[in-house]
Structure formats: C-alpha cells, structure tokens
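Pulled from TrEMBL:
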type	residues	note
DOMAIN	A:14-153	domain 'DUF2157'
TRANSMEM	A:46-67	transmembrane segment
TRANSMEM	A:73-93	transmembrane segment
TRANSMEM	A:105-125	transmembrane segment
TRANSMEM	A:131-148	transmembrane segment
TRANSMEM	A:153-170	transmembrane segment
TRANSMEM	A:176-194	transmembrane segment
TRANSMEM	A:201-217	transmembrane segment
TRANSMEM	A:223-243	transmembrane segment
TRANSMEM	A:255-275	transmembrane segment
TRANSMEM	A:281-299	transmembrane segment
TRANSMEM	A:308-327	transmembrane segment
TRANSMEM	A:333-351	transmembrane segment
Amino acid sequence: MPSYVSRLKADVSRWVEQGMIDQATGQLLVADAEVRNERSFNFGSVLAIMAALLLGAAILLLVAANWEAIPRLVRVGTLFALIFGFYVGGAWLKQRGRDALAEACWLIAAAAFGGSIALVGQMYHLSGDEASAILTWCAGTALAAAALRSSALTVAAVAIAMAWMVMRGIDDWDIVPQFYLVMAAAFWLISYWTQSRPARHLILLSLILYMCIVAAHHDTIAIGIALAIGSALLFILATRAPEPVERIVLLDRRLPVHCLLGFLVGLALAQIDLVDEGGRLALAAVVTFGGIAAALIIAGRESRMLRWLAYTGFGLELAFIYAVMIGTMLGTAGLFLASGVVLGIIALFIIRIERRIRARPVQGGQGA
Amino acid sequence: MMQKNRLLIIAVVLALAQIGFLAWIIAGRAAILRNGQDVLLKVEPVDPRDLLRGDYVRLGYEISSIPANLVANADAKAPAPDAIFVRLKKDADGFWHPVSGSLGKPAGTPLGTDEAEIRGTTDAGWSAQQNAIIRVDYGIERFYLPEGEGKEIERDMRIRSFSILAAIGKDGTAQIKALMDGDKVLFTEPLY
C-alpha cells in the first residue's frame, strides 16, 4: 500500500501536467505533506521507542533473575539512579525538542520503577498477589504520564492496566475485574491531557477484551449480544454525526472501525455459545453478514481500514459457518470444492465492493 | 527561566516521589526486621509436587490452617475474605503455635509472655461449622531464591521439615527473616 505522500506526489505531478496547478504550488503541497508525515511517523522515533522497550525489558529480567553477584543494595541504588536519570534526562531532551528520545527515556524510567517494585517484593519475600504490584506500577506510570504529558507513558499505563485486567480475570474465576472500567475512564481523560491518540485506540480495544473476559465469567451469549448491540448503536452515532463525535473522541475518525470490531467480537462470542443450535446460529450468522454489509455501505467509502476489517470478518464468518454446518456433512473432496467456491465468493465480494467504492467520487470524505 | 525549567522540575519531583515511595516500603520492612518480635514457624508443604514457582518456593505453615473453633467471633462473621489476627504462643519445642484468633480486629486482650499477634487474611471458602478450618495468608508464603538454587531446596523440603524465622511488626505484619533447615540457617535476610 503506497504511503499518503507518494500517492500525493503522483497526484500533484498529474495536476501540474494537466495545468490545474503550477509547478511552485505543487512543490509546496508535497513539501508540506512530507513535513507532516515526518512529524507523525519517522523511523528514528520508532527505533528509539523499540530500544526503550528492549532496555526496559532487560531491566525487568535482570531483577527477575535474582542475581546474587551484585549486592542488592547496589541493585536498588542502580534502579533508583535509573529512575531519576531517565525521568530528568528525558525532560532535558524534551526541552531541546528531542521529543522521541524524551519519550523513550521516560519509558525506561517507568520500566525501572516497575523493576524496583519487583525487586522490593523479592528482597522482602512479599507474597501479596502480583496483581496489586502491577496495579502500583500502573498508578506510578499513569502519574508520570500526567505529570510529564507523555503520550508514550499513557499508552504504557494502559498496557500495564490491561495486563492487570487479564491477570485478575484469569486468576480468579469468581471476580470480574470491574475496577478496570474505572481505570479505563481515568486513562481516557488523561489521554486528552497528554494528547495521546494511540492510548485512546488501545483503551477501546481493551474494552472489547474486557467484555470477552466478562463473557467468559458470565452468560456468554447475553454479554456477546450486548457488546454487539452497544457497538452497533455507537457505530450509528459515529457515522450519523461524524463531526461532533470526532470533536469529542479525537480518534482520527476511526471510531467506526472499533465499533465494527466490537460488533464482530460480540457476535463471535454469541455464536461460539450457540455452536450446537442450528436455527439460532444461522440467525446470528445472518445478522453478522447483514451487519458487515451495512457497515460497508455506510462507512466503507470513508475508511480503508474498516473495509479490510469487514472483509476479514466476512471471511472468518464464512469459514466458521462452513466448519460448523456443512463441514460435518461433506467429505474431504467436498471440503476442497467448497473451500474453492467459498474463496471465490469472498474474492468476488471484495472486488465488487472495491470497484463500487472506486467508481463513486468521494465527497468530502477522507481516505484512512 | 522558571517557565523554561518547569518540565525539569516536574521530572525531578516525579522521580523523587517514585523513589520515595519505594524507599518508604523498604524502610517499613527493615523496621519490622529490626524491631519486630521474632517467631519461629513450622513450614508445612503446600503441594509437594509443585513447590518451585519460577524463582521462589511456595511456603505453607502450620498456622496457615486455623481451626474455626479457635476463632472467638467466627460464627458472627460471614465467610468472606477478611483480616484475621492470630495469637501465637511459644512452646517448649521452640516453635510458635496458634492459640486463638479474631476476625476483623485484634483480640484486644494484652499479650502474655512469649505471645505474639500476627495479621493475616482469610480466604472466602470456609464455613462456620464446628470443625471447619480457616485458610489464612500472612504475606510470607514465598521465599525467593538465588537463580539455580531452587531445585535442591525443593528436593530437601520434601524429605525434611524446614522452618521460617519471621519478625512481626507492631500492627501484626509479618516479615521473613531466615529460612532454616532444622537448626541450620540456610538464608538470612539483611535489613536492606
């Protein structure tokens, strides 16, 4: 998939050739797009973040190894020095406009804080559950994110909270980690302050995961249907009133994509529960196909990501229905035949939709 | 100048707050080790096939199972997770054994000689019947070992009885001080 800048370059050179704009304007347009692209994504900052994650993991593993060769007071002191050095060093870099390096430093500092919690637990043989230690780490990271207005730390705090949620959800079958909803709400608010769009995307994904854990604890089909209906309602809202919704959620107009994912996951939960019930399963499958088609018609033109999610959901649904309903009746040869036919249907479906979308001119919509 | 350095100041305050929080936990634990009442506790195997978990061994104690009839207010309370204060008394064998318990709050009666009160948490699944057993966690159910030394100790623990020397702070919080194999001290914990 060519990047926005390279597609724009092609367009601009065509417009210049056709005399729609002059050479100078074209160069200005391309230069502007390149600068913006640079700001939103460059390999240096991605590598810096990856390096920070690796260094952070190294710190955590070094603690976990309980290495006796270094006296533990030295280990504690080193971790404290890392916390101090990387928080303050990151702030120093930020002041000099090295934003990516600053965020990377802060990530290492947050990892050192988590490592210190683990080391203290190890030093004094604390056997309290890991979940509460992770919660402490999460709170410290969220505090740092808010204090330093760091997007990367906001994402890290959400990720740590997700780890807590999964741990609680798996550890204890009686307890649904409801407290996660409070944390998600708090992180959502923090993400406005820290201007962290990735954090908001991650929170929405984590809420879908939360619903899966709730469904595993309770009534799978009811929770699944509730998730699907909730997602569908939010989808309608987000596509009916895109401007006001975007002003509130600030998600690069990708809220409908999350809604479609929630809808599909909800129906998948319901269908897994209904696997032995032919009639109701078929109904759920029809609703799924209908929902995918509706999502494509309503919002498919606006967002490429939504289209591909819809195609993936469509393909998985077909495969699932095939495995459950037909697969039990046909033999191996039939399986190959049917798979071929099914793949053909998917291909035709995708080609038709893509062609329709290309045929219609885009009015005011943004390609995403 | 102030405006320019604001971020630096915030970062310094943040780092000191996080370091201070950790130092506060360490200081609290060291205080228990230094000033707490020493008690010797008998270790009982939790699950002999699976003692070693990553880098620590799981420890169960004689005092991890408290008969409900030792607990004065056991029938008044619902069997839900709750704090429990267990009164321990030193016996002739040197070990400290449970003599009574109180759910939710300390018993309130003054401690006799060779007595201590340890704070734990009950789990949910007990019933207030006459011969019921209450499972209690004291936060000392783990012993972290240097890497590579776990297997040997796990093997010895299956055949011999180990014990733990713990210190109990004023509020009943317990802190492991040493792991003992019979009379032999295997690991002792420095204050820091």
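Every residue, even glycine, has its Cβ placed from backbone N, Cα and C.
TrEMBL labels come from automatic prediction, so no person has curated them.
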Worksheet entry | Selected stretch (most C-beta pairs under 8 A with the transmembrane segment (A:105-125)) from A:73-93, A:131-148, A:281-299 | A:73-93
Worksheet item: Which residues, given as numbers and ranges, are at least 6 beyond the ends of the transmembrane segment (A:131-148) yet have a Cβ under 8 Å from it?
Response: 87, 90-91, 94, 106, 109-110, 113-114, 117-118, 121, 154, 156-157, 160-161, 163-164, 167-168, 171, 183, 186-187, 190, 193-194, 196
Worksheet item: Taking residues 6+ outside the transmembrane segment (A:73-93), which of them lie with a CB under 8 Å of any CB in it?
Response: 59, 63, 67, 101-106, 108-109, 112-113, 115-116, 119-120, 123, 144, 148
Worksheet item: What same-chain residues lie close to the transmembrane segment (A:153-170): Cβ under 8 Å, and 6 or more beyond its ends?
Response: 103, 106-107, 110, 114, 130-131, 134-135, 137-138, 141-142, 144-145, 176-177, 180, 183-184, 187, 190-191, 194, 196, 198-199, 202-203, 206, 209-210, 213, 216-217
Worksheet item: Of the residues in the domain 'DUF2157' (A:14-153), how many are helix, strand and coil by DSSP?
Response: 115 helix, 0 strand, 25 coil
Worksheet entry | the domain 'DUF2157' (A:14-153) [mean pLDDT, rounded to integer] | 86
Item to complete: With a Cβ cut-off under 8 Å, give me the same-chain residues at least six positions beyond the ends of the transmembrane segment (A:281-299) that come close to it.
Response: 228, 232, 235, 239, 256, 260, 263-264, 267, 270-271, 274-275, 306-307, 310, 313-314, 317, 320-321, 324-325, 353
